[in-house]
Amino acid sequence: MAESMKGLHRTHRCTELSNSNVGEIVTVMGWVQKSRNKGGIIFVDLRDRSGLLQIIFEEGDIGTEMFEKASKLRSEFVVAVVGKVETRSGAVNENLLTGTIEVRATELRILSESETPPFPIEEGSKTKEELRLKYRYLDLRRPDLVRNLMLRSKVATLTRQFLSDEGFLEIETPMLTKSTPEGARDYLVPSRVHPGNFYALPQSPQIFKQLLMVSGYDRYFQIVKCFRDEDLRADRQPEFTQIDMELSFVDVDDVISVNERLLQKMFKESIGIDVSLPIQRMTWREAMDRYGSDKPDTRFGMELKNVSELVKDCGFAVFTGALENGGSVRGINANGQGEMPRKKIDALIEFAKGYGAKGLAYLSINEDGTYKSSFSKFMTEEELSALVAAMEAKPGDLLFFAADKDKVVFDVLGNLRLEIARNLELLDKNTYNFLWVTEFPLLEYSEEEGRYTAMHHPFTMPMDEDLPLLETDPGKVRAKAYDIVLNGTEVGGGSVRIFQNNVQEKMFEVLGFTKEEAYERFGFLLNAFKYGVPPHAGLAYGLDRLVMLMAKEDSIRDVIAFPKVKDASCLLTDAPNVVDDKQLEELSIALAKKATEE
């Protein structure tokens, strides 16, 4: 039967006690991690969010009745204990913060009993994720998840402190807003008051933070929930958290400067990592040419080399055919992997096919300087030697080549270098390599839609020198956009915004909107631009992704208290769920019956 904690007040969390507290009478409360009855003495590991503390119940100290109560303790019982802090009489536990002390109990209250949990509540549980998420309230008791959520809280606190000290105002923007279809799908919320009309949950506070700049709030931030109805993967959720900011009277360098100092403070004070400033910058073009990715992982080399010029006249039709069709031939050097078994090479070729490759050409350099290759019979010895030299290869190396349109080649080799690095365990989670990627293309052409779409969003300012190209060659326009990349993951991104109405209208025109359509969707922003707009720019971090990397986790689900799974459902609450007909009727909604196959 549960007891009351009336008259008791917790004096310390478990790991707040140390040798300096020896001799003190304390009251601690928490969950029983485990209990060991040694006959006449019971050892209990008590756990709270701070960690573990050993409690001793000795029959000679507390009497038979309380000792019998202590003998009934099981894992996950919630208890309150009053006792005296002592130096450990037995062996010191070097693995615990409290490993040199223990509390000798004088009073015990069982505040709540527990059924046997469906899985062990312990560090590094091997329990299947589905079961852990179904019982997330138990999973969240595990020390590794406690550490992750404490880290997340610390990062949010440091962010608020830093930005407040830098003159930013924390301002909330609406959760119920207007649907402006462009990019990912919106989550829609039906209006009861306006039948047949819908709100959208915001994919970002983009428009509202720009309106705040128009309103004169020249430095804004918030830590905010955003929503996107898109397919999930390890680093995506339907609802996610952004550290969002916007600044007036600034350009690219100003935004980067503030954020470099924020990252430096955040990493130093939360996980003890020094971030060297300034952070390296690289244009989008250079990132693609060197790494095949606009979010390159720079913890290792294996950079792409363009060998198109070298092979344009060779006898290998795969290479020459790609070049004749306007593509390129590029390669990577897997240093020291010349003895890779054919089975592993074949697995890498299959991997590359998953990114659009028709195949991969490969060449290994034997220790005696001879070559073993899938295409050597089509090239002369001189051509092969020139190719090896261009790839800066030496005996024992293995080269892979892709030949196709640039988009395919970059996608294939960019992902192949990561796969090889994973296989060779080159991705050190204790290394944090930041990189700014700048000067993205403003637009990309959608063959499916037959029009240009914004690579970031339609409010991004073109590079000043590229403005005339909006009229003549929109595909070549570069954006004043910047992403912050950490270990191959984009953790934040932003841009300088368009602040002249004529440029914004031109941007919408290039995107295929008529003036009427642009005003229908974004009229409130375009109208605001008629009343004096400061130059402004901003950036948003994905807090979930950032903390995931700081915590050295592989999925953002491990740094979110109550995450969704890949089909966007919640295993804990069974959301989404069917609602009553009455609720639908109040919202003037009727569900269409799906046709079923007979």
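Here the Cβ of each residue, glycine as well, is placed from N, Cα and C on the backbone.
The annotation site 'Important for tRNA non-discrimination' is assigned in Swiss-Prot to Gly90 on the grounds of sequence analysis. DSSP classifies Gly90 (site 'Important for tRNA non-discrimination') as coil under the three-state reduction. Applying an 8 A CB threshold to same-chain residues 6 or more apart, the list for Gly90 (site 'Important for tRNA non-discrimination') is empty.
Look at Swiss-Prot and you will find Glu182, Arg228, His456, Arg497 tagged as L-aspartate binding site. Sequence-distant neighbours of Arg228 (L-aspartate binding site): residues of the same chain at least 6 apart with a C-beta under 8 Å from its C-beta are Ala184, Arg185, Tyr187, Gln203, Arg236, Pro238, Phe240.
Listed by sequence, the residues of this chain that lie at least six past the ends of the region 'Aspartate' (206-209) yet keep a Cβ under 8 A from its Cβ atoms are 173-174, 177, 180, 220, 244-246, 457, 459, 522, 524-525, 538. Among the features that Swiss-Prot reports, region 'Aspartate' is placed at 206-209.
Taken from Swiss-Prot, the feature ATP binding site covers Arg228, Asp229, Glu230, Gln237, Glu490, Gly542, Leu543, Asp544, Arg545. With a 10 A radius on its CB, Glu230 (ATP binding site) counts 14 other CB atoms from all the protein chains.
Annotated pair Glu230 (ATP binding site) and His456 (L-aspartate binding site), C-alpha to C-alpha distance, rounded: 16 Å. Here the binding residues for ATP are Arg228, Asp229, Glu230, Gln237, Glu490, Gly542, Leu543, Asp544, Arg545. Their largest Cα to Cα distance works out to 19 Å.
With helix defined as DSSP H, G or I and strand as E or B, the region 'Aspartate' (206-209) counts 4 helix, 0 strand, 0 coil. Leu543 (ATP binding site) and His456 (L-aspartate binding site) have their C-alpha atoms 19 Å apart, to the nearest angstrom. Taking CA atoms as the reference points, Glu490 (ATP binding site) and His456 (L-aspartate binding site) are 13 Å apart.
Taking the Cα atom of each, Arg545 (ATP binding site) and His456 (L-aspartate binding site) are about 18 angstrom apart. Leu543 (ATP binding site): 24 other CB atoms within 10 A of its CB, across all protein chains.
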